[in-house]
2 protein chains.
Amino acid sequence: MNITGLMTSAGINTAICFVLFSLFSVLRKQPCNAGIYFGQRIAQVRSKHHEPFCFERLVPSASWIMKAWRASEEDIIASGGLDAVVFLRIIVFSIQIFSIAAIICIFLVLPLNYFGQEMQHKNIPSESLEVFTVGNVKEGSRWLWAHCLALYVITCSACGLLYIENKNIANMRLAYVSASPPKPSQFTVLVRAIPWSSEKCYSDLVSRFFRKYYGSSYLSHQMIYRSGTVQKLMSDAEKMYKMLKSTHMRDYHRSSILTCGLCGGTASSFQILAGEPESAEDRGDFTAPDLREKECAAVLVFFRTRFAANITSKSLLTPNPMQWVTDLAPEPNDVFWSNLCIPYRLLWIRRVATLSTTIVFMLFSLGPVGVVCGLANADKLQNLLPFLRGILERKFMSQLVTGYLPSVILILFLYIVPPIMMLFSAVEGSISHSGRKKSACIKVLYFLIWNVFFANILVGSFIDRLDTIQNVVPREMPTVLAKVVPEKAFFFTTYVLTSGWASLACELVQPFVLLCNLVDRLLCRNKGVLSCDVMSFPYHTEIPRLLVFGLIGFTFCIFAPLILPFLLVYFSVANLVYRNQILDVYVTKYQSGGLYWPIVHNVTIFSLVLTHTIALGFFGMKKSTVASGFVVPLTICTLLFHIYCRERFFLLYKDNAAQVLIDMDREDEQSGRLEEIHQQLCSAYCQFKSRNAADLDQFDHRDAQMIQKPEDIKHVV
Amino acid sequence: MNITGLMTSAGINTAICFVLFSLFSVLRKQPCNAGIYFGQRIAQVRSKHHEPFCFERLVPSASWIMKAWRASEEDIIASGGLDAVVFLRIIVFSIQIFSIAAIICIFLVLPLNYFGQEMQHKNIPSESLEVFTVGNVKEGSRWLWAHCLALYVITCSACGLLYIENKNIANMRLAYVSASPPKPSQFTVLVRAIPWSSEKCYSDLVSRFFRKYYGSSYLSHQMIYRSGTVQKLMSDAEKMYKMLKSTHMRDYHRSSILTCGLCGGTASSFQILAGEPESAEDRGDFTAPDLREKECAAVLVFFRTRFAANITSKSLLTPNPMQWVTDLAPEPNDVFWSNLCIPYRLLWIRRVATLSTTIVFMLFSLGPVGVVCGLANADKLQNLLPFLRGILERKFMSQLVTGYLPSVILILFLYIVPPIMMLFSAVEGSISHSGRKKSACIKVLYFLIWNVFFANILVGSFIDRLDTIQNVVPREMPTVLAKVVPEKAFFFTTYVLTSGWASLACELVQPFVLLCNLVDRLLCRNKGVLSCDVMSFPYHTEIPRLLVFGLIGFTFCIFAPLILPFLLVYFSVANLVYRNQILDVYVTKYQSGGLYWPIVHNVTIFSLVLTHTIALGFFGMKKSTVASGFVVPLTICTLLFHIYCRERFFLLYKDNAAQVLIDMDREDEQSGRLEEIHQQLCSAYCQFKSRNAADLDQFDHRDAQMIQKPEDIKHVV
């Protein structure tokens, strides 16, 4: 493919994006789509307002771009939480580092590549793309120091920027921890694997244990129940509640009767605890006797102070590490209730099984990726499979099959991966939705890096050499990569164009939800109770996508610098699109509190080291020992930087500082707010309130929640 | 080599051992050697008693064997601590598992190997050793299921025994934690990386911080000083102390004036804290002003309860994980004072540097091992190096060079490794002597497994094939191992005979110390002040040795069962020898409290999985797919067992259970002992008391301490 081909491809994609963006700016003005494009606002504003039809609605406009651009970090935190900020920081970081890389690579490296061989150059538009890659530099060239210099500049800038980001995000994380209003999760510890006793029910065991050993800080507890039968009981109770509601509403000062008696820590038991210590047996009659059988060996224990809860969650309670296992509880909205009942002794088996299944799945997925690569190398395959020759003889078909089709197949195939990984992470036993999403994010990331990057390159290399690949020794890996990476530049440029640009447009227009919405309205005549999904941000698909583009950017920047402008366009548009999505579309029901950042840091360091490895192989291949020699200290320094950052920042994502917690506790105590917090704590966690939503969420990568009629929605453009 | 050769070698070794053991039984009866063979007793009993010469002293006897055999576990714990019990459990576990292996392999596997090929057998004594290895089984033999069965029996027994040992040692560890008398370390937290302040000294910062955040549980603290000038001041103070001692001895009720003023938490400051809280500045005049400059950014903080100390040591104190870093303090005798002053920000660099140096050292050490292997394969090398032919033509020389010399060189070379690893571990920055020894133990273990096992096998294989090894893909590793392991059986059998048996005899007789002692007495006429070393047990050399023998046992048991009887003899004799050494020779100044056990568990599992890998390669090579198929589930089960054990037991070695600590605290409080413990706590840690000994220890793998004149020693046979 030559420059013209690449530009054509870029042109087509730009046009598609432009059309879709315009379509979006029109669609978002239609009131019937408000549920799709303004989920965030709908969740906030709930007033009745009917807007009349006007012609302006049908004119494409760029107002959303301005709005997204102007949003400050505070706005983002307010609507998307810390995770959204971390997400946008990934994009900003990428823009910064790839701008630096683009400047140095296009002005220094690209000319050297182009004039690397003594050859007759054609017109630039009809020039083959390979002329622009590092493959064009001749062996032993003394200009290779420029590539080495570029590598140094890019690595140093990346580390510098990464350090600044690390520092900023660590500060934001601290602010998140100490932010008001107080979080119930900070006072709550999830205790699992309570040992079974034939004499006492779990609730008694818990209250006895914590009164004995944590008497001064233990406040109350709330049993967790197996769902199923209880669920049925609950719905009955709910009906009765609705009947009684009108008369007795003012008698109880608590928000929901559902927590009473069923969700363990009742207001009455709580007051008993606060006053005179009374034997646990006396409280037995608060819980229905048949519910005892439904008790899980898991419980939420509430403590008087954040500090006490934190230290209990980090301690080994009893000499048997498989009993009385503690964790800090997730936020009430974040709890993955159905996973809390999994017997703790099965958890490690589940984890091992999920890990093995993921690995097997990744290996088996090489099949489709192989097909993709086969298509990308169809011209080489046609010697083996003669029927391809007929198809490929037509120029258009050839370009389609070798250029565009592979990445489209790859994208479609990759659409099914996140839900599968989400399922795996649910089976794994995460106790929180955010934890499940983070775990799925890591799995999808491994999958993408393995399948998109390595498998593509290696399978490509396998088709090139067909049999020699089998004898590749790990030592030779850098050389193999160095040989294949420049050749693969064209494929990955197309990948950025299709997977990157197109996915942004899709993300904006949300065609799938739009279609569902349309079908729902047209076929089901479902005008009254439209169930349109208010989604939470799919970090587990989007973060891996960004990171893989980052990986592609780093590994290709000095070998095929032409990829950089396309990447920069992608990240710049992504910045606007995702800002809009975070501000308007997605609802933040739960967040991990910036726990995605360590993943980002690790992958960036991995990308840098991988780039160095490829550079090492490449310089070795081009017989430039000086350049090779200079790469090794760079890698060592990068790794040292990584270890330092781990030591300096990463503990903050695992543990909360005692100083901060104690200060917060004291402040609350002095302001007299602590009592109020304790009161609210007991009703904060309600197992069966939002179970429907949680269940819907379980096997869908987009979390769903029922909202009110579209007529009720205020038009908020 | 044939059976006769092997038996000759075994005979020579047995004779040497017998002579050395007899020599030992005589030498130990000489009063002048009491310091060498009864260090343990000397440390306990200190009375003046002169025994007259009698003839009985010169008669070899087996009394020590009986005594060692009769010693109960309580005796071992009393004289060697939990580490000694763990050490002996390794031996007992090895005896048990290799007895089972020996029974099944010698009665089931060995005959199958011997009659594996249809061949004319010679007399058994002149039969080649290779006939007894699995290499003699013909391809596709239907008797390979027996090898597979043996593998199953051995793996299952090993896992079962390992589980029992895990359980026992976990219980012992719990008993160790809750054992009386109370340990000062349980109340003490080592805080490092105190941030520097221009206004306040470290001591004030510490007292202000802990009073503010841990006011209810903070007791007192003790600064740590840089040595050097302080050391000089101390020696002056000590002189003055000796002068004043006779007159003022009863005025002070504390054990040593050395702690006063210099080691921070003085009795007076302690009483102030216990009473009215007073500003830290007022206490400043207790410390000499010039000592402030010598303060390190590290401090020992004493808490009122074990529980408070434990949770503080596990917490992240401030939002910066590189400041106010906490660890549970080691026992007073165990503290590695000079390492406490290392600035914390340098520690990770030291760790990385040590790790890299260790890896480089291990790679470079392939040189000597290559020489060893070259000698073992001298008959193959003589085609390359013709001058060897002349030497090897003499039969005796050939046997010496190929049979005995390689392992002797290996042993001598391996003598220098433990001190080097001990040095690395000291540089690494361990805060305790036991931690340093444990770290050195792991390093020596990696070194031995890599150099003795893998390097030997792979370099051997390299010499066999000379150039083909370069193209070995990791996938082919099992096949390479399977091919080489049976061939190497002879070398490792000799290794067990020389390194194993001979080292036991050396361990018993202690020729090096004996020689030093002799030289000291004869040359220096040093009859009065004999400085004979009372050593602490060299776990870092002996545990790796045992584990490598275990690894050899597991990997060779089904391939070359003839190695098993020799191993069993080794372990049985080791059981007696080490019991004697623990009871009589070594003094336990510090112990890790069983922290060596997880290493043992991990290496045993590694050995099993390695055996499976080799078996897999072997069955593949012999074209027995059924047997290969049966090995895979066995490996999976072994790994699952390992993960379970980690979950179930390993946390106990990292953390103490809150329940146990709180119970202990309450018991002490109720019995009124807590006040007494608090009093003792402040004088428990003394930085400059035993510095000489600690310094001597630093670069020596045997810890040394000065003891009294030999005339003062009671003869304790």
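Every residue, even glycine, has its Cβ placed from backbone N, Cα and C.
Marked as domain 'CSC1/OSCA1-like N-terminal transmembrane' by TrEMBL: B:6-165.
Annotation comment: TrEMBL describes B:186-339 as domain 'CSC1/OSCA1-like cytosolic'.
On the 0 to 100 pLDDT scale, the model's mean across the domain 'CSC1/OSCA1-like 7TM region' (B:350-619) is 81. Under the heading domain 'CSC1/OSCA1-like 7TM region', TrEMBL lists B:350-619.
The transmembrane segment annotation in TrEMBL covers B:6-27 (among others).
What TrEMBL lists as transmembrane segment is B:86-110 (among others).
The annotation transmembrane segment is assigned in TrEMBL to B:143-164 (among others).
Taken from TrEMBL, the feature transmembrane segment applies to B:352-378 (among others).
Look at TrEMBL and you will find B:404-424 (among others) tagged as transmembrane segment.
Look at TrEMBL and you will find B:444-463 (among others) tagged as transmembrane segment.
The annotation transmembrane segment is assigned in TrEMBL to B:546-573 (among others).
Listed as Cβ neighbours of the transmembrane segment (B:594-619) (distance under 8 Å, sequence separation of 6 or more from its ends, same chain) are residues 82-83, 85-87, 89-90, 93, 134, 144, 147-148, 151, 154-155, 158-159, 162, 165-166, 169, 172-173, 176, 434, 438, 441-442, 445, 449, 477-483, 485, 539, 543, 547, 550-551, 554-555, 557-559, 625, 627-628, 631-632, 634-635, 638-639, 641-642, 645, 650, 653. Residues or ranges marked as transmembrane segment in TrEMBL: B:594-619 (among others).
Annotated transmembrane segment per TrEMBL: B:625-645 (among others), in sequence order.
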Practice item. Go through B:6-27, B:86-110, B:444-463, B:625-645 and flag the stretch with the largest number of C-beta pairs under 8 Å relative to the transmembrane segment (B:143-164). Key: B:86-110
Study note, to complete from the structure: Most Cβ pairs under 8 Å to the transmembrane segment (B:444-463), of B:6-27, B:86-110, B:546-573, B:625-645, goes to B:546-573
Revision key, fill the gap. Residues outside the transmembrane segment (B:546-573) whose C-beta sits under 8 Å from one of its C-beta atoms, at least 6 past its ends, are 6, 10, 17, 87, 90-91, 94-95, 97-99, 101-102, 105-106, 109-110, 113, 129, 132-135, 147, 150-151, 154, 158, 445, 448-449, 452-453, 485-486, 489, 492-493, 495-497, 500-501, 504, 599-600, 603-604, 606-608, 610-611, 614-615, 618
Study note, to complete from the structure: Residues outside the transmembrane segment (B:625-645) whose C-beta sits under 8 Å from one of its C-beta atoms, at least 6 past its ends, are 144-145, 147-148, 151-152, 155, 159, 162-163, 166, 601-602, 605, 608-609, 612-613, 615-616, 619
